[in-house]
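> Okay, handing you the structure first.
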Amino acid sequence: MPSYTVTIATGNQWFAGTDDYIYITLVGTETCSERTLLDKPLYNDFERGAIDSYDVRTSENLGDLVFVKLEKKKYWVQDDWYCRYITVKTPSGDYLEFPCFRWLVDDSEVVLRDGRAFLPQDDKTSLVKQHRQKELETRRKIYKWKEWQPGFPMSINANKHKELPRDIQFDSEKGMDFLLNYSKAFVLMSHPLCLALEYVMEHWKEDFMFGYQFLNGCNPVLIRKCHKLPDKFPVTDEMVSVSLERELTLEQEMEAGNIYIVDCELLDGISANSTDPCTLQYLAAPICLLYKNNQKKIMPIAIQLGQDPKENPIFLPTDSEYDWLLAKIWVRSSDFQIHQTVTHLLRTHLMTEVFGIAMFRQLPAVHPVYKLLIPHIRFTIAINTKAREQLICECGIFDKANATGGGGHVQLIQKAMKTLTYKSLCFPEMIKSRNMDDVEEMPTYFYRDDGYKVWEATKNFVSDVVSIYYTCDERVQEDEEIQAFIKDVCSFEFPKSVKTCEELIEYLTVVVFTASSQHAAVNFGQYDWCSWIPNAPPTMRKPPPNEKGLANVNLIIDSLPDRGRSSWHLGAVWALSQFQENELYLGMYPDEHFIEKPVKQAMEKFRKQLTEISSFIKKRNDGKKLPYAYLSPDKIPNSVAV
């Protein structure tokens, strides 16, 4: 009588084990085994972290194994179970791996294929084709689209975290850490400050620090080279000549590539927070002109605090100390609003959720692109659902702390969506579109330099994996599932299809890079740069000055947020900047969705490249008073999870 040895691994997360009944059926090309209860006498089966083995005897050889069917039935009370994988040893001594990595909830079943990846056109039998189709039909009933606000990217159809499918909810310990981090913020000041924060607190008033943040702070994506001043920003040579060091006119400096601009036009017309009638709050849409001096430092030379030059004077470094300081504070506050709502929330969190939902709806677990992307979607839909539940909802933390609260943040995303394009998520294209790609011209733009390295390593890895399964462009065009995935994402200025291997590689690189590296670059420095309130005020309590000579210390203090809003802000930027326990960083793939040796070799090559990049960044940062490490791969989590 043939005997199959089945080994089952239970997850390590909290409450992964179960006391429910677990049944297994082995499905082969010739026949099926009987439905077998997996239960050892006097033994506690399927405990958290356990690896248990069982013998499944059959009356005849099953042929080649096609599926493993698992069923969970209630024993006493419903007890969810997380199965990591199943290994089957056949009577001939062969080992087959069946990745699972999912929860079995209530009375449920799951049918698993072995761990080899297949494109849909490579499945030849009706049995596996039907399984593939049934999996997607089930997923599409679970993962439904919903428009949380008009004009927003589509999101998951769930109002609360507990309504999400169990497979994409936070582990209990992960969710608990997220909530506890807010309370931790209020005892922070009793601990030593990080070096970056200390440096910011000491130098935040200085022009070089103001300019440096546009290169390597939390929001290093707004600065662009300026070859011609916009009509709405009438800076003259006479105004700024004292700030220019090369004996050139302003126009000549622009021609030489030494002038840069930051325009916060997105904030123009956005409603300021009015949720508290006792405290008026204000927004501005400033324009800032910056100059690369002889030391190649970026220095501010002119600031206009609104888009209309008739109503807004141009503040200069030659103005009074407090006029100039208050103008810079307004720019920093406006930069914070755009960073938090557009650069961070929209362009990493919400976009990654779109990719994730489309992946679940259109790619079965056997598809190589599903296996490639699933580690980079981990917990993203969960954290976004919590954000809609606690942060950006009515009476959420945005309302309590930010000038864009009370609906302004919704308007800002709606406005930003009108200019969001696929190419703007392609890192090299995004840098080049702002004319910031010349390393010699701007040697201290570490966000760009490190981003190039990580983008290239990520693209090489994606290319290595894609080339294993797509040997020619026709294979991409014939893959109905990948085309459906691309089409499901396409609700705005994104490709409607991919026709070549190169297009697919770039597209998947965008997904992985956005979910990991870009999010790390704009998220994990928030406590460093934004916790010193004058450097990144989340709101302003006085309107921007419309004439010079008004500013003094008292006006600045009265303009900055009060203690209550500052506390909410501090708690938020602390929580958002924290890595989680047992964080999975870029290149770490403990859940083996892929079993093929060529893919594992590609992963090892990827990890080696990432280690080399981390070593380079560490060496470059040695001795720097203000090191830049946000894009060091050993500090880049695999996914948007906080």
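Quick reminder: no glycine exception, Cβ is built from N, Cα and C everywhere.
Unlike curated records, TrEMBL annotations are generated automatically.
According to TrEMBL, the protein has these features:
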type	residues	note
BINDING	G17, D79, D80	Ca(2+) 1 binding site
BINDING	D39	Ca(2+) 2 binding site
BINDING	H344, H349, H519	Fe cation binding site
DOMAIN	2-118	domain 'PLAT'
DOMAIN	117-642	domain 'Lipoxygenase'
SITE	W103	site 'Essential for stabilizing binding to COTL1'
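Quick one: where do these features end up spatially?
For D79 (Ca(2+) 1 binding site), applying a Cβ distance below 8 Å and a minimum sequence separation of six or more within one chain yields T18, D19, D20.
For H519 (Fe cation binding site), the same-chain residues 6+ apart in sequence whose C-beta sits under 8 angstroms from its C-beta are H344, T348, H349, T352, P637, V640.
Neighbour density for W103 (site 'Essential for stabilizing binding to COTL1'): within 10 A of its CB lie 22 other CB atoms from the protein chains shown.
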> Which residue counts does DSSP give the domain 'PLAT' (2-118) for helix, strand and coil?
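DSSP classes over the domain 'PLAT' (2-118) add up to 0 helix, 60 strand, 57 coil.
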> Counting Cβ neighbours within 10 Å across all chains shown, tell me which of the binding-site residues D39, D80 comes out on top.
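Counting every other Cβ within 10 Å of each candidate, the maximum falls on D80.
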> Give the number of CB atoms, excluding that of G17 (Ca(2+) 1 binding site) itself, located within 10 Å of its CB.
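G17 (Ca(2+) 1 binding site) is surrounded by 21 other Cβ atoms within 10 Å.
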> Cα-Cα, whole number of Å: G17 (Ca(2+) 1 binding site) versus W103 (site 'Essential for stabilizing binding to COTL1')?
10
> Take the C-alpha atoms of D39 (Ca(2+) 2 binding site) and W103 (site 'Essential for stabilizing binding to COTL1') and report the distance between them in angstrom, rounded.
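Approximately 19 Å lies between the Cα of D39 (Ca(2+) 2 binding site) and that of W103 (site 'Essential for stabilizing binding to COTL1').
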> Other than H344, H349, H519, which residues of the chain come within 8 Å of the Fe cation site, judged by Cβ distance to the Cβ centroid of those residues?
T343, L345, R347, T348, T352, Q518, V522, N523, V640
